[in-house]
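J.: Relevant sequence annotations retrieved from TrEMBL are reproduced here:
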DOMAIN    B:67-257  domain 'ABC transmembrane type-1'
TRANSMEM  B:12-35  transmembrane segment
TRANSMEM  B:73-93  transmembrane segment
TRANSMEM  B:105-127  transmembrane segment
TRANSMEM  B:133-154  transmembrane segment
TRANSMEM  B:180-202  transmembrane segment
TRANSMEM  B:208-226  transmembrane segment
TRANSMEM  B:238-257  transmembrane segment
Amino acid sequence: MKTTTDTGGDVRLSGIGKTYGSFTAVHPLDLTVPQGSFFALLGASGCGKTTTLRMIAGLEEPTSGTVSLGEQDVTRLPPHKRPVNTVFQSYALFPHLDIFENVAFGLRRRGIRSVKKQVEEMLELVQLGEQARKKPHQLSGGQQQRVAVARALINHPKVLLLDEPLGALDLKLRRQMQLELKRIQTEVGITFIHVTHDQEEAMTMADTVAVMNAGRVEQLGPPTDLYENPRTTFVANFLGTSNLIEAEVDSRGGGDIVVKAGDCKLTLPEARCPAPVTAGGRLLVGVRPEKISLVHADDAGGIPAGRNRVTGRIAGSSFIGVSTQYVIDSPVCPELEVYAQNVDRDARLAPGAEVVLHWSPAHTFGLDAAQDIDAGVQDIGEEAA
Amino acid sequence: MAFLRRLRSRLVVIAGLLTLGYLLLPNVVVTVFSFNDPKGRFNYTWQKFSTDAWTDPCGVADLCGSLSISLQIAAWATLGATVLGTMIAFALVRYRFRARGAVNSLIFLPMAMPEVVMAASLLTLFLNLGAQLGFWTILIAHIMFCLSFVVVAVKARVMSMDPRLEEAARDLYAGPVQTFVRVTLPIAAPGIAAGALLAFALSFDDFIITNFNAGALVTFPMFVWGSAQRGTPVQINVIGTAMFVVAVLCVLAGMAVGNRRKRQKAA
């Protein structure tokens, strides 16, 4: 498989927006996707991510703004004239054509005569050489998915758009395909823009993730940055799990902010609080469940000084294998989650036990308290949708 | 008791065979009597075996002329109704426009209207317009009543088509015309073919509407009706049997092609 050298620059969206009547699907947004990167648009269903993708493909006309590929403004170009290809959520393989003809479709439409060699190479890349003469409905879901990728990639697009490409696969196959897609992207060097509602999928594959909510980009950055430094409660809750504690600013100095939650004093670095801080003002203090250590109340004396400490009682625990997940009922927050690695398990840590939670101030972040504390919390119904 | 048990376990098969017999018995009668050598003008009682009618199918005056007219009308009516009906079906499924719901229901009206009333009203319309009754009035009437059936058949197919397939084609460098020819049409083809076959069958053997609006022209069903007053030539049964055999051969050929493709793919 040849690596395409002429990938022709970045994808630039300037002020692009879409409204349907009085409903705004996408608020005007600016976004630049660097050439050759793996970019994910992450959000719950109905957040505008698929509409954004379709505007890049040309399948949806933006109400405002422009789409550029490198130097070329493609806003007014119909989809068949854009050097962009899409892998659709339902794969949209042509049922009346066999696998070979499905993959050859784009080449033939561009008037390329000898497609055999290219198609065979592409089918080898996705390990489907044997299936060339089968019809799409004779293949498994994972195989159909690979055909959809091959059918798009064979055209060497400047950008490959993926619309929830793994949504229909079962968990194990999805993991496998995540790695497979990442491998293909590295191999061909084409810009991938991937739309997904699965935060784990976005974090595993993408170099850069844009978290979308209600038609806007909430935050954009590398996965680790989004995870460690969420700037809104939506991002904090949508990417992984966050414990958010309502607190009041007590004092600041030396690069730290000290807050009071109930009768606990918690410290966090000023650099990790994007919200405005005024003495006496309110703040949401966040910490990820895996950053917290849990000790029985009897051993509280052994906790090093300078750590953030919160007391509570174990309300529930579930054994996951690699870790145990505890839910702690604490005066500062009714449901604090703690993930403890199963290295040295303390048998006393059972539901009902009095415990002390402690973590490093450096692992604490602050958020503006004027937001919905539960924004982005996924309930089961939402995930199934 | 054992007999009863056996009977019960094969009840479905027996019921199926009886139904099939009920369906096919008239066809058997048509075929058998095409080999009759009737005494007198009526082919109603079995006399003796003869292939006279088969060797001379056009031996009755005007029979083959009326057959040719019916085939021509059926062919043009099928073409007209299929093209228009397919376009209507796509419009109704794919586009949102004012009065779409109303059009959707109005399309079925000709199917619900008693045919004889429709026939008389069409005659009134044609007479008021000063149209000359004949080939064209029959064709216009046939396209009209076949249209609803084509729309129903094609609509069912188009509704089950994933619109993303056409988006995928556009995304893969197919312009609007190529998308239609390469993707939309092949996928909709079974529905369109079903509609066309239905239209052909309906047009070919329509009697009531045709009889009102034919003027001096005589189609095959009108010929049969007319001759039944004076006697039924055996040739009518020959034509009927031949149509039936052609239809069966077409189905068999279609199945054979399908099977061969399947076998090729498996190989």
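Note: Cβ is positioned from N, Cα and C throughout, glycine not excepted.
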J.: By Cβ distance under 8 Å, which residues at least 6 away from the ends of the transmembrane segment (B:208-226) in the same chain are close to it?
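T.: Here the qualifying positions are 62-63, 65-67, 69-70, 73, 115-116, 118-120, 122-123, 126, 132-135, 137-138, 141-142, 145, 232, 236, 239.
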J.: Test of understanding: applying the rule of at least three C-beta pairs under 8 Å (pairs 6 or more apart in sequence), is the transmembrane segment (B:133-154) touching the transmembrane segment (B:12-35)?
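T.: Answer no: the transmembrane segment (B:12-35) and the transmembrane segment (B:133-154) share fewer than 3 Cβ pairs below 8 Å.
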J.: Using a Cβ cut-off of under 8 Å, list the residues of the same chain at least 6 residues beyond the transmembrane segment (B:180-202) that approach it.
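T.: Distant Cβ neighbours of the transmembrane segment (B:180-202) are 74-75, 77-78, 81-82, 85-86, 89, 142, 145-146, 149-158, 161, 165-166, 168-169, 174.
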